[in-house]
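The domain 'Nucleoside diphosphate kinase-like' feature in TrEMBL is assigned to 3-140. The ATP binding site annotation in TrEMBL covers LYS11, PHE59, ARG87, THR93, ARG104, ASN114. Annotated active site, pros-phosphohistidine intermediate per TrEMBL: HIS117, in sequence order.
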Amino acid sequence: MAVERTLSIVKPDAVAKNVIGEIVTRFEKAGLQVVAAKMIKLDDEKAGGFYAEHKERPFFKDLVSFMTSGPVVVQVLEGENAIAANRDLMGATNPKEAAAGTIRADFAESIDANAVHGSDSAASAEREIAYFFAADEICSR
Ligand code: IDP
């Protein structure tokens, strides 16, 4: 298995629910390490650029509006198979379809407000990490 890095975002709904720590604990208990972290308030440009691949989708405007509705916590997670491991911890995009015990099953309200983001491939992880972090902001351990 390869050591990978992935980008995680604790979305505004989960920050508002005060469950940042509970979510990070799940990453740590699964063997993923936080190697970079910041709390930021996205603006339309930053959120829209992040989700550029969804620009033509009908939910794009709502997605940007939700992602800019409050602060988010952006993190780089590192560990064995980190990209798939994080996706497993997150659960399905729609919390109604997310497996029991996953972050989205436990903390998400709806497909719009679904608690977390996680990179879905190695190429996405590379782009997304660079979108939020300079190389010297990532502290490998
Ligand atoms: P992911 O976050 O599980 O990777 P994506 O397909 O990349 O899912 O979609 C990005 C985000 O866009 C989702 O997390 C969700 O908040 C939102 N989204 C995706 N599909 C829909 C939809 O059909 N309706 C409303 N929002 C959606």
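Keep in mind that glycine also has a Cβ here, set from the backbone N, Cα and C atoms.
Mapped onto this structure are the features recorded in TrEMBL.
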residue: LYS11; record: ATP binding site; DSSP (3 states): coil
residue: PHE59; record: ATP binding site; DSSP (3 states): coil
residue: ARG87; record: ATP binding site; DSSP (3 states): helix
residue: THR93; record: ATP binding site; DSSP (3 states): coil
residue: ARG104; record: ATP binding site; DSSP (3 states): helix
residue: ASN114; record: ATP binding site; DSSP (3 states): coil
Applying a 10 Å Cβ distance cut-off over all chains shown, what neighbour count does THR93 (ATP binding site) have?
13
List the recorded positions PHE59, ARG104, HIS117 whose Cβ sits under 6 Å from any atom of ligand 1, in sequence order.
PHE59, HIS117
For each of LYS11, HIS117, count the other CB atoms within 10 A of its CB; which of these recorded positions has the top count?
LYS11
The record lists LYS11, PHE59, ARG87, THR93, ARG104, ASN114 as binding ATP. What's the largest Cα to Cα distance among them, in Å, rounded to a whole number?
21
At the Cα level, what's the spacing in Å between LYS11 (ATP binding site) and the residue listed as 'active site, pros-phosphohistidine intermediate', rounded?
7
In the structure shown, which of the binding-site residues ARG87, ARG104 has the fewest other Cβ atoms within 10 Å?
ARG87
When you measure from the Cβ of ASN114 (ATP binding site), how many other Cβ atoms are you left with inside 10 Å?
23
Validating a neighbour-count step here. Other CB atoms within 10 A of the CB of PHE59 (ATP binding site): how many?
12
